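Here's the structure, in structure tokens; my notes come after.
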Amino acid sequence: MFVHNTVKKLTYFSIFLIFILYSWDIGNVDAIRQGTEGFYLKVAKEMFESGNILVPQYVGADHWSKPPLQFWAAYLGYFIGGGPSIFISRLIVVLFTLFSLVITSRLISKSISKPFILVFVFIASTFGMFKYSRIFMMEVPLTMLTTLASLYFYEYLKDKKHALILSSLFLGLSVLIKGPVSIVMSVGGCGLYLLFTWKRYGFNSKDLKKIFSWSVVGTAIASVWFIICFMKYGYIFFDYFFLRENLGKFSTKSYPMRHVFQGLLIFSLPWSLYLPTSISQIKDHLNKIKDDDYLVFCICNFITFFFLWLIPSQRSHHYAMPSMIFFLVINFILLNKYELSQKRKKMMKLANIAISIIMFLVATLLCSLLVFEDVQASYSLIIKVITTICLLLFGSVLFLKSKKTLSQYFISLFIIGNLWNILIPSFILPYLPKEVITKIGDRKVAAAVRKPYFIEEALGRKVEWLDGGKLEQYVIENNHYYIMHKSTFETLKLQRLTKVVSSWRIWRRGIKANEVISALKLKNINKLKDTVYLLENKPLK
């Protein structure tokens with residue numbers, strides 16, 4: 001009884017802890033974000049302000065590049081919270097992530113007869129979950145909804161009739177996040193599993209009826225919005241959503257397939273370092289694995305979820321996210337359910353040593369930050385750096401000495417959470433410093449930047465968004481403040497029309513790891529920065 005109560009309390013504590021770590025400082029305009037988050041936030045904001053709950057809005061026009069479910073969730077949050085805000089937008093994703101992770105972990109733990117807390121913390125402590133649970137983008141909603149749709153369909157296959165409703169609901173909702181590709185993912189993965197079982201045990205017409213019923217009901221749930229839009233907007237909607245946005249991904253600039261493989265290994269860190277052991281476990285227990293129905297189901301879904309995203313030309317690291325849960329579950333089962341031989345135990349030990357060494361090297365790298373004047377000038381930064389170093393060193397020892405996997409999962413959770421949510425954001429240079437905001441005051445502002453949303457949020461009002469082609473004419477016709485990067489200013493040769501009122505530095509986009517290491521070695525981080533200008537019109541002569 002005592003042990004049961006202790007586990008229960010630890011479970012509640014882990015859920016609360018993960019909520020705190022995932023939601024830490026999410027309202028910060030300058031927090032770590034994905035490049036396209038500003039687009040999603042702007043669409044959600046415009047949709048709410050326009051009062052249009054049917055069609056997403058962007059720059060004052062209908063925008064069908066994405067289905068509306070995520071924006072509907074934001075709409076509801078804004079309505080309850082009193083208006084659009086970054087905090088509410090990101091909080092919605094955090095709450096959804098936590099809710100869906102709890103359900104997913106519960107389903108998995110029951111199916112493999114392992115404690116909920118082990119599965120939950122194992123998945124939650126990965127880099128990918130930390131990265132995408134805190135930003136208002138579709139990666140986590142798409143990943144979790146399609147995963148839940150498949151997991152509940154497995155329950156339905158095992159004659160749990162209530163699971164049809166839930167699996168169909170999650171399937172339909174996933175389509176309203178990303179589009180028909182969600183059906184291809186879930187139905188394709190489960191279909192591959194059925195093909196495998198039919199080949200091994202013989203055809204089962206009952207299962208065929210079940211997958212047909214599931215796909216039809218899920219499609220019907222999702223189709224309501226598509227039908228309404230088609231009836232109201234006709235072929236304009238069809239051409240925009242299905243041809244331009246979805247089929248268009250096959251004709252865009254092609255990126256190497258390795259990006260998706262890299263994404264899978266990066267986002268599943270630190271547990272992807274156990275992959276060699278997991279692969280060896282398959283070799284050692286191949287006959288047993290063939291008879292492990294649930295593991296085969298997860299493998300079939302992972303194969304479909306992962307390799308499907310190798311087809312579009314526009315391959316990126318985040319295309320690996322939809323398959324990550326099944327990838328983690330497969331590794332968890334292979335490492336925790338199947339017996340490890342002495343050779344595999346040595347491989348596990350080597351993986352733990354590798355993780356320990358990485359933690360030690362990162363701690364050593366962070367020590368070098370203490371020599372910079374910017375860090376020495378801030379007691380807050382000094383405390384954060386030293387705290388992170390101590391956590392890394394403690395984790396390094398723990399992975400070498402401790403045999404308790406839960407302890408390793410928790411220390412990973414603390415370290416990644418501290419690094420990603422607390423330490424790194426402390427070094428982010430604000431896109432719009434407070435003194436610049438004060439300088440601008442109530443004057444009108446135009447911006448020639450990629451995503452003006454965060455400038456609007458910092459100023460608390462709308463900003464005119466300009467592209468390079470119209471910028472010079474706009475400056476001639478108006479007398480406002482203008483925000484742009486130094487490179488844009490020089491490329492467009494605006495020196496004759498404008499003068500620099502203020503300038504400040506921000507981090508360059510697309511900085512690579514080797515550039516950071518080089519800058520730290522040279523004790524010169526200025527080469528990692530870009531210059532932004534606040535401009536105004538020169539007086540007329």
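Glycine is treated like the rest: Cβ placed from N, Cα and C.
Annotations in TrEMBL come from automatic prediction, not curation.
According to TrEMBL, the features are:
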type: DOMAIN; residues: 65-202; note: domain 'Glycosyltransferase RgtA/B/C/D-like'
type: TRANSMEM; residues: 7-24; note: transmembrane segment
type: TRANSMEM; residues: 75-103; note: transmembrane segment
type: TRANSMEM; residues: 115-130; note: transmembrane segment
type: TRANSMEM; residues: 161-177; note: transmembrane segment
type: TRANSMEM; residues: 211-235; note: transmembrane segment
type: TRANSMEM; residues: 255-274; note: transmembrane segment
type: TRANSMEM; residues: 294-312; note: transmembrane segment
type: TRANSMEM; residues: 318-338; note: transmembrane segment
type: TRANSMEM; residues: 350-372; note: transmembrane segment
type: TRANSMEM; residues: 378-400; note: transmembrane segment
type: TRANSMEM; residues: 409-432; note: transmembrane segment
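Secondary structure of the domain 'Glycosyltransferase RgtA/B/C/D-like' (65-202), assigned with DSSP and counted as helix (H, G, I), strand (E, B) and coil, comes to 113 helix, 0 strand, 25 coil. Here the transmembrane segment (318-338) sits apart from the transmembrane segment (7-24); fewer than 3 CB pairs are under 8 Å, leaving out pairs fewer than 6 apart in sequence.
Stretch with the most C-beta contacts under 8 angstroms to the transmembrane segment (7-24), considering only 211-235, 350-372, 378-400, 409-432: 409-432. By the Cβ criterion (under 8 Å, sequence separation of 6 or more), the transmembrane segment (350-372) is not in contact with the transmembrane segment (211-235), since fewer than 3 such pairs are found. Beyond its flanks by at least six residues, the transmembrane segment (255-274) meets 122, 125-128, 131, 306, 309-310, 313-321, 323-324, 327-328, 331-332, 335, 348, 351, 354-355, 358, 412, 416 of its own chain at Cβ-Cβ distances under 8 Å.
If you average pLDDT over the domain 'Glycosyltransferase RgtA/B/C/D-like' (65-202) in this model, you get 94.
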